[in-house]
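Written below as structure tokens is the structure these notes are about.
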Amino acid sequence: MKAIVFDLDGTLIDSAPDLHAAANRMLGDLGRPPLTLERVAGFVGNGVPTLVARCLEATGGPADDFDSALARFREHYARAPAQLTRPYAGVEPTLERLAASGVALGICTNKPPEFAVTILKELGLARFVGALVGGGTVPQLKPDPAPLLHCLDRLGADETSALYVGDSEIDGETAFRAKVPFALFSGGYLRESVDAFEPVYVFDHFDDLSDYVLQGVGRP
């Protein structure tokens with residue numbers, strides 16, 4: 001296997017607490033009630049504008065000025081994008097092991113790249129990433145296959161020599177449409193079944209993923 005591309009939110013990192021904090025600050029600015037962490041986590045995955053739109057719909061409907069609401073969210077999130085965010089257990093040693101084996105590692109996320117880069121640096125994970133494609137890097141967002149294919153191209157790989165790792169139906173559809181094998185991390189923000197997208201592997205701890213990739217089997 002030449003390359004592995006990862007989703008970010010809900011796959012490598014649990015970012016919901018910081019997204020939740022920024023969302024509730026935005027809602028407070030607009031005089032709206034706060035949302036629970038679980039509710040906001042359920043809105044993650046389709047990019048920041050969709051996250052903000054869903055928060056507004058859940059608290060009374062669209063804002064009179066959506067662009068202003070979006071700007072408020074971005075401002076709040078930019079102040080502390082990694083204050084509460086943490087990598088999932090086993091992520092760092094797994095990336096270390098995969099990188100040491102010669103596998104090229106990339107990230108394909110709908111999160112704006114400026115936020116993704118800041119978080120990866122603050123969590124000490126940026127050193128593993130050979131290519132990062134975020135929301136806006138190409139015109140399309142996941143589940144369109146273009147971002148994933150662009151990331152693979154930047155890593156010098158293609159769909160025949162790679163694996164995409166994600167936590168949601170969005171990631172499953174992205175991989176399916178790109179014709180890239182898909183591995184599901186079941187400990188993230190999954191909301192719907194991904195069976196239709198035929199994951200080649202399902203795991204709940206990152207040690208299992210490195211075993212699967214490097215040895216061909218998961219940990220018992």
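Cβ coordinates are placed from backbone N, Cα and C, and glycine is handled just like the others.
All chains included, 26 other C-beta atoms sit within 10 angstroms of the C-beta of Asp167 (Mg(2+) binding site). As annotated by TrEMBL, Mg(2+) binding site applies to Asp7, Asp9, Asp167.
Residues annotated as active site, nucleophile in TrEMBL: Asp7. Its own atom aside, the Cβ of Asp7 (Mg(2+) binding site) has 28 Cβ atoms within 10 angstroms in the protein chains shown.
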